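Below is one structure, written out as structure tokens; comments come after it.
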Amino acid sequence: MEIGQGVIPFKGQPISSKCKPQNLNSHFNSRVFLGFNLYTPKHSCTQRQIFKSQPSSKTDHPLHRNVKILQPHKKKTQENNKDRVFVGFKLQCHSKAEALPSRTVINGKKKGYGGILPSILRSLRTESDVEKTLDLYYGKLSPKEQTVILKEQSNWEKALRVFEWMKSQKDYVPNVIHYNVILRALGRAKKWDELRICWFEMAKNSVFPTNNTYGMLVDVYGKAGLVKEALLWIKHMKLRGIFPDEVTMNTVVKVLKDAGEYDRADRFYKDWCIGKIELDDLDFESIDDSEPFSLKQFLLTELFRTGGRNPSRVSEIENIGRKPRMTATYNTLIDLYGKAGRLKDAANVFNEMLKSGVTLDAFTFNTMIFICGSHGNLEEAEALLNKMEERGISPDTKTYNIFLSLYANAGKIDRALQWYKKIRGTGLFPDAVTCRAIIQILCKQNMLKEVEDVISEIESLGMYIDEHSLPVIMRMYINEGLIDRAKMLFEKCQLNGGFSSPAYAAIIDAYADKGLWVEAEGVFFGRRDKFIQKKAIVEYNVMIKAYGIAKLYDKAFSLFKGMKGQGTWPDECTYNSLIQMFSGGDLVDQAKELLAEMQVRFKPSCSTFSAVIASYVRMSRLSDAVDVFGEMSKAGVKPNEVVYGSLIDGFAEAGKFEEAMHYFHVMNDSGSQANQIILTSMIKAFSKLGSVEGAKKLFEQIKNLHGGPDIIASNSMLNLYADFGMVSEAKMIFDHLREKVQADGVTFATLIYAYKNMGMLEEAIEIAEEMKQSGLLRDCVTFNKVMACYATNGQLVECGELLNEMINQKLLPDGGTFKVLFTILKKGGFSAEAVRQLELSYREGKPYARQAVITSVYSAVGLHAYAIESCHIITQPGLRLHPFAYNVAIYVYGASGQIDEALKIFMRMQDEGLEPDIVTFVNLVGCYGKAGMIEGRYDLADLVSQEMKLDLEMKHVTDSESEVAFLIRCYIILIG
């Protein structure tokens, strides 16, 4: 991204109808690329508008693949011709240098070439037979017209065919201009073999490269990422005796700047200013040498061939001081120093421009504004805007885009929106960069209404949402749960044309992150643009991710198997996703098979092996985990601490101390350092072994690590001390964690457990109270331990309150919870028969058994309001209940004094054909006693007694002594 061109990288902005440069290379790009001087004062304003990055078609925007973008007319601005700097360049060719045919200009707009050129160019665009088209004009084309035809070819193959046809003419004279055009076309297409052939042919025909040629070669090699190879052309240039002119120097500085080599770019510029070209520090060995005849070999061979030539021309120029005169050069330098963080140097270059009378343009100010603003100097940036307007340079859309993004990055969203509104307020129009930036800002803030207002404005300008903004908007809708809006927007945008694979992948990913695999599937398998049939691997990968999040492993695997049939081969990301997915879902055997398949084409990473090993360890299949560890070593993948940690922890959990120690020593021998996780696992191993001293040594080792022991290591050691009844040591660790505000629920619960086991109930209760007040009761384990402590101490009401709090936190009671609850029931006076009945129902998993136990606990401890509320769940009309549930309901209503409700439950029980049991009668007796219905009613006592006896006889009770005791207890209750 060029500083001053907006925060979001975006190539190809609307073409200005004026001569004002639109980018850093506006003064020299065309010359570098075309290889000859198009610019003379006479027609400079019509021909300096050839910008390589500007799409001419309304539908050919690089970021709007098949999406129509209509650009509105910009507000016209007046510029002085004196503000433009045009540098002429001497042609070095065998033909006479003449001005190229110029395009007709009407109202500042290029309408095309005159004469026969439009017809020829139109035919070449539509006809595949280049030679047949050109044969019609054999001998009729001037060198100028030939050059225009050659440079207008956008396809490198067609350009070569045109060039070959030209060379076939008997009167053709080879010239450097034509070779520059062809070399540029081949370099831009990265056709290095063809470029070499063209270069050799150029030498064979005695056509010598010029400054234009070398500048163009540096540019295309640099843009291809071949920075060192680009600099070798400058070395070649020097050996040829040609000193870089300002345009070539500017190109080199820009290539180095874009590669992030700021110091070298600065050094090259300063050397140029004193007439020196020093490239002795170029590292030839680091240049790629993988091709059979590499770029490195080609360039070094060329350097060797030219090494003996007379460098006298360079010697004459050396040590002559010079200063740049082009606006573009100063812009490059400002951009260079800004990106390097050298703000003072950037300001000095800006001041030098003012002193030297070099024309400042919009790009100059845009760059300076961006530099100031991106370093937090927003007031300075706005001051520069005022200076810009004072000098008669109108801010363009890019200027406002910069301010919009700067304020957004600073978190000042309201100010960013103000700058967005200023674009229209000043008569300009938002461009694609503006729209994308403002949509990004608003979507990030979830400002739904504002986003939709921007969409409406975009459409009112005849533009459409581009494929980069669409996934951002859809993700906002999806995150807000507005799935229908997201679908409507997607379908609407699809009507304007298809999208690229990355855009489809981003949309699928937005659905995947929310687990919406059906919607993701709809995009993946949905209608596509007719020109985009084959799905890219990135789309498959995110669809597999969507299935993985939804745990639809079969679908993910099926999609994976079908990829090859569609002509798309899985990559490393595909395998890694599936292996991680299956490993995490405990489908480790499938993951292992995929790992083997992956190794045929790729070398799995350490994390891939680690996922499979961790899965085997989790499933206690330690021998399989060891086998994968062995495969890892054979594959030449070095295990890291995570791998060793999984194995050590697995063996420690299994109580296999020797194996855990073995891998601990292997890890140390391999040079890997034990981290806190591994040392904590080893503490666990020593705990299983019962070696407190061994664990203490490891804990001391953890203390020496950066940051000291974490909460997990401390709790592990605390638990070890608790198991061995070492209360003082446990309390010491607890106090240390509490002082550092690191104590969590496990810390408190473990100390409670230690105190309780040692019979120190008061201390345990004190810690439990502190734990409650700290809000650390967040899981079943901590609730269970605190309730057990209260139950042991006879604080049953507190137990009921904790149970209610646990349920309100939507924590599902586990087996440990129910163990404590049955203890509470026994301590709360619940009859032994009723407790046995509930325990049996719970173990057998009968419907509503868990709810019945909870309800009984509330009632037993006297929390009748909670008990009645809980009882409503099991007494809803229409439920088919077992007798134990009715018994609980009779007890709860009776205990709370609601005798009528208790009797209604009893009658409902009989209506459903369920016979009362011992627990039923005990609960009924309790109800009658509560209601005072027994005194003086010996007939009622007789009736109940007879029913009980009859019921007992029918059930053939074997434990007669227990039942006799039971009857005696009932009579005592009855007769008071």
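Cβ coordinates come from backbone N, Cα and C, glycine included.
Now, the feature entries from TrEMBL:
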- 553-666: domain 'PROP1-like PPR' (DOMAIN)
- 175-209: repeat 'PPR' (REPEAT)
- 210-244: repeat 'PPR' (REPEAT)
- 326-360: repeat 'PPR' (REPEAT)
- 361-395: repeat 'PPR' (REPEAT)
- 396-430: repeat 'PPR' (REPEAT)
- 431-465: repeat 'PPR' (REPEAT)
- 536-570: repeat 'PPR' (REPEAT)
- 605-639: repeat 'PPR' (REPEAT)
- 640-674: repeat 'PPR' (REPEAT)
- 744-778: repeat 'PPR' (REPEAT)
- 779-813: repeat 'PPR' (REPEAT)
- 882-916: repeat 'PPR' (REPEAT)
The repeat 'PPR' (175-209) - residue tally per DSSP class, helix then strand then coil: 26 helix, 0 strand, 9 coil
Same-chain residues at least 6 beyond the ends of the repeat 'PPR' (779-813) whose Cβ lies under 8 Å from its Cβ atoms: 745-746, 748-749, 752-753, 755-756, 761, 764-765, 768, 771-772, 819-821, 823-824, 827-828, 850, 854, 857-858, 860-863, 866
For the repeat 'PPR' (431-465), residues assigned helix / strand / coil by DSSP: 26 helix, 0 strand, 9 coil
Secondary structure content of the repeat 'PPR' (326-360), with strand meaning DSSP E or B: 27 helix, 0 strand, 8 coil
Per-residue pLDDT averaged over the repeat 'PPR' (744-778), given as an integer: 84
